[in-house]
Each structure stands twice: as structure tokens, then as C-alpha cells.
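Taking it in order: structure first as C-alpha cells, then the write-up.
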Amino acid sequence: MNTLIAISGLGIFCLFAEIINLRKAIVPVAVLGLIAILGITVSEFDHPSAWYNNMVIVNNFSVAFSSLFIVLTIFILAMSGDFYKDKPSKFSDFIAIKIFLLAGAVAMVSFGNLSMFFLGIEILSISLYILAGSDRLSILSNEAGMKYFLLGSFASGFILFGICLVYGATGYFDVAEIYALSQGAGLPVWFYFGIAMILIGMLFKIAAAPFHFWAPDVYEGSPTLVTATMSTLAKVVAVATLYKLVTSLNANMPHLFQVVIVAIAILTMAVGNLLALRQENVKRMMAFSGISHAGFMLLALLSLTTAAGTLFYYTAAYAFAGIASFAVITSVTKNKATQNVSDFNGLGKTNPVLAAVLTMSLLSMAGIPIFAGFFAKFSLFTQTIEAGYLVAVIAGVISSIISIGYYFKLILAMYNKDADAETTSFPWVYTVVAVLAIALNIGMGIYPGCMFDLLK
Amino acid sequence: MENILNHIGIENYIFLSVILFCIGVFGVLYRRNAIIVFMSIEIMLNAVNLLFVAFSTYHQDAEGQVFVFFSMAVAAAEVAVGLAILVAIFRNIGSIDIANLKNLKG
């Protein structure tokens, strides 16, 4: 709860800093403030508490994921300083919206009441609609914002209807009360319709097939830094919230539900990886890669009681690799009109550090050992086999192998082709963020145990 | 006070809301004018608000009516952002027909 209040206060401060002429100080203050908030959050670990009639519940799950979100936001804010350099008049808005987005994210993983869940998801989504359309003179960004807005509010409508039916069936918004009631028999049939509609809405938000079609367009059209936010922060938030929601609403899921989850996960992995193979635009390729990773993360829903640690490890590994790769992509495509694979030709010679970081982050996403992505997939597959769904693991392994195909397309372009344009300068801040993020990823790969055991 | 739900029945409220919600869904899926799409989204959200109030009376519990205030505020914020994006689009291409938004594909 202190985290939530502190984050909102920091966001309001960023808006006021514009008025009192502190524009230059916004990014350093925001980053330092978030580091302090990270300290507050971590100190709440192992001190579970409930606030305001169970509106907000702080437990180890919410503390661990909130810390991950704060670290990701620190990376994104650090890059914002350079990214929005030529738009000084709106600078504080971009920073403040990103901080409010973080507040929504924290509310989403620490809700104890469905109204808090709904407010959190709307704060996150509305901030993202604004950010997606924030480059208002570019028709591509406008189109991305419009598509994201239409499909996002469509999905919000489904979530709201689901919450309403659950309320109608039980008479409560408090998830603990709903959980207690859902254990007994005799609930009206609307309850299950309500759960199904909330799930459909959440699958829209995490871009799982067959609700994934908006993601590639939105990711391609948005400004690159916003694409980085969506593909790392927003996706991780949505997956963690879905996990928390399913755990807190019905822990003893019917078998049919698990079969549906397995089918959606297999379809998502296959669609994401197969369509990524024929993409030339890097942002679009990363969008499909994110879709396939959402499929992997859905497998955590099959072993609800034990998978929290694995899900945390997987999302952290994916998000750090994503931040590292997007820092490189932002840096390379900064002054270019396109973001094609050919724009990366010869990067291995012109900037070996960035090329090495991008290679490592792609290898982590593909699941090559040493990097955290391998241990994440390994433990996820182990748990899925223990839950008894071997077929999902086989599909997961096959789609991991397919994914190496398009990741290597980018790696080969960097090292085997010659640069066709003159080299531009690469601002140092992107390099620092990329190196730090990939270092965290490798660190997680070397000591996987300490993160798996956090959420036992 | 006699409860009006005893005469009408909660099921009828659910049917009405589902019908309104479906009208909204088909409006979003089939209309091409962005303003009408926004109106359809509002119909979806307001169908849910109606059902919240009906359930609130059914359970004799004020929480549902409080939730309606939250969801109305959220819907207003959402549509304000949507209209702002629409204005930006209209300035760029001079049209609010969402069928014209076809620059992103592949």
C-alpha cells in the first residue's frame, strides 16, 4: 500500500516539476524516487498486511511482482530522457504517465477486491492508449493508438460484465468472500459465465491467440520506447494478474478449464512463432515473439498452487531480455523511418557491445543455457509434466526450436552482412540500460535458486 | 418497502443487459464510423451498469451501486482519451472512418 501511495505521489510531483521549471531534474528525480520506492517495497517482504477493508492486500506475491515492475519502469524511464529529447514541451507528461502506469500495475497485483482490480487494469490501459498514440503527427502512431483503444476498451467491457455477473452470483466484490462461496455448491450458472468473460478479457490483454490480432499492429505503430513498455511491463503485469485472479477466484479448477488453457497455450505458441518467421519489421517480430511467450506463461496456470515462483522467474527472465533487446532496437532505429532487419546489418562491426547484448537477449528468449530464459523454460516444462500435460510440453519444445529460426535471422544480419549506411551515434544511456538488463538476466541464470524459492 | 424485483424478476434484468451488451458488441464489430463505435462501447459499459444496479437491489447491498460510480468515471476517462486520438487522426487524414486505418499490416 505504501508503494502505491508513493508511486502516485511521485507521478504528481513529475507533473508539478514542469510548472516550477525543474524539467531537467525530472528523469533523475523519477529514477532515484523509484529506487527509494523499490526499497520500501522490498522491506514489506514477509510482512503480509491488508488495507482499507481488504481493498489492497500486500503479500509476498504482490511484493515480488511489484518490485519487478518498479525495476522495469526504472529502465524505461532512464531511456525516456534521451528518447523524448526533441519534444521538451510534453516531457513531464510522458514521464508522469509512465509512473501512473506503474501505479496501475501495482494495484493490479495487490488487489483484494474486484473493484481495485478493475481500477488498476483501467489505469494501466488508459495510460497505454495515450502512450501508443503519443506521436500525434505520425499516422502510424495514431492508428496504433486507435486500434489499441478500440480493442482494449472492448476487452474492458468483457471484464466489467464478468465482474458484474460474479457479483450477481455471490453478492460480494471481495475475492476472499467469493473464494469461500465458490467452494460450496449451488452457485447460479452466471458465476461461471462471469469467470469465463473475465478470462476472455484478460486473454485479450495478454494477447493470447485467438485474441492476439491487435498486438502486431499496435507494437509496430507505437513509438519504440512505448513498444518496449508494452512488450515487457504490460505483458508481465497482465500475466501476473491473470495468475492471481485465477488463484484467488477458484483454486480447484474443473478439468475442462485446464483443457481450454492447454489448447489456448499451444495455439498461442504455434501462432506466435510461425507468424514471426515471415516478419521483416523487427518490432513486429518482437510482437509475435511476445505472443508466443504469453503462451508459455499461460502454462503456469496448470499448476496453480506451486507455479508462483516459476512464473515470477519466467516473467523476470523474459522482461529483462526484452528490455535489453528493446534498448538496442531503440538505439539503432532512433533516426530511421523503418525498423527492418536490414537496418541491423553490420552492427557487429559498428557497435560490438550493442550487437553482443542483442545477441545474448535473443538467445535468452530462445532458451539457450547460461541465460535465464533456459532455466525459466526448463522449470516451467518440469511443472507442466508434473501436472500431467506432456502434450503441452512437446508443443512448447517444438515452438522453441522454431523460434531460434527468426532470432538467428537478426543475429546473422548483425554479424554476417556489411553495414550499408553510414553509422550514426549511439547515445550512451541505451548501452548502459542494455548492459544492466542483460547482466541481471545472466545473474538470474547463474543463481536460479534464489528467485525460485522466493515465492514458496 | 416492497421490492420491485419481486414483480419483475432478476432474470429479466439479466436478459435486458445481455441484449444491450450484444448490441454494443455488434456495433463495435460492424460499424465503420469511429463515433458510432465509441457509442457502441458506451452501450456495452452502460448495459453492465444497469445490471450492477439491478444486482445491487437484488442483494440489498449498496456496493454494486458504488461500483457503478467507478465504472462511469472510468468510462468517461476512457472515451476522453479515445476522442483525443480521434481528433489527431482527423487532423492527419481528414476522415473518421476506421476503414481508412490500413497502414499497419503484414
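Residue positions begin at 1 at the first shown residue.
Cβ atoms are placed via backbone N, Cα and C, with glycine included.
Bear in mind that the values here come from a model prediction, so they are computed numbers and not experimental data.
Features reported for this protein in TrEMBL:
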type     : residues  : note
DOMAIN   : A:113-403 : domain 'NADH:quinone oxidoreductase/Mrp antiporter transmembrane'
TRANSMEM : A:27-45   : transmembrane segment
TRANSMEM : A:57-79   : transmembrane segment
TRANSMEM : A:99-132  : transmembrane segment
TRANSMEM : A:148-169 : transmembrane segment
TRANSMEM : A:189-213 : transmembrane segment
TRANSMEM : A:225-243 : transmembrane segment
TRANSMEM : A:255-275 : transmembrane segment
TRANSMEM : A:287-305 : transmembrane segment
TRANSMEM : A:311-332 : transmembrane segment
TRANSMEM : A:353-375 : transmembrane segment
TRANSMEM : A:387-408 : transmembrane segment
TRANSMEM : A:428-447 : transmembrane segment
Cβ contacts the transmembrane segment (A:189-213)/the transmembrane segment (A:311-332), at least three under 8 Å, sequence gap 6 or more: no
Contact ranking winner - A:27-45, A:225-243, A:353-375, A:428-447 against the transmembrane segment (A:387-408), Cβ under 8 Å: A:353-375
For the transmembrane segment (A:428-447), sequence-distant contacts whose Cβ falls under 8 Å of one of its Cβ atoms, 6 or more beyond its ends: 71, 75, 78-79, 81-82, 313, 316-317, 320-321, 323-325, 327-328, 330-331, 353-354, 357-358, 360-361, 364, 369-375
Long-range Cβ neighbours of the transmembrane segment (A:311-332) (under 8 Å; 6 or more residues past either end): 64-65, 68, 72, 75-76, 79, 83, 224-225, 227-228, 231-233, 235-236, 239-240, 243, 282-283, 286, 290, 293, 296-297, 300, 339, 343-344, 347, 354-355, 357-358, 360-362, 364-365, 371-373, 375-377, 379-380, 426-427, 430-431, 433-435, 437-438, 440-441, 444-445, 448, 451-452, 454-455
